[in-house]
């Protein structure tokens, strides 16, 4: 009896085990951790230029002045765990210094920010193993659109949320609003990863695969934030060793961990489609033989 149950369980879990084996094989072949390290390095170099460009765009639109503060607080509170306040102070100092740069220096900041997007594009197309290339002008237009419209849309959504919260009728829905706001970072991460996996690759990505991969990445990202914050709180070895400089290795590790999650979601998205094709090919071969 137990043997039959065990055999049935193995039979039902065989597709899952085969998919996990394929996923591990792709992660190994694509050198996912190395790609994550490369992106982490480029991200750390581009972090200040990217933030400087984003908030310079907000400064160009006076109506977004209040939203800029809300967006800044939201980013550091929800995307950088535990040490967000310290990192925010340093980055704001760097951004303030960058505002004193000349036009040539400002162009350099924009180019550096665009290089990060190019690195992300290259890494994801490596995972999708797509050899198709977009025209340079088209790629630049897409990167520039993301760089300009992305922050403005995020700011607009925060402004709308603040307006709705200020309405009298909304005060009666405090419990519902609190619950929605509690899962809002997860939903925002899910949508962001879905757009990343759907738009950036130069090959067609099935929407359902992108949704699943983005959801896994979003859950891991939110869990990673809480786990990382808990680790820093419970095991403050970095503070003991590095002292006031502890924020530097903490930021390095967090950025690397974030890119590992992003690329893992991409690998899951790719593997879902590849496994489905392999399964269909095997079924077709069995049908031909019979």
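Positions of Cβ are set from backbone N, Cα and C atoms, glycine also.
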Candidate ranges 76-96, 244-264 [criterion: Swiss-Prot lists as transmembrane segment]: 244-264
Annotated range (Swiss-Prot: transmembrane segment) out of 140-160, 161-181: 140-160
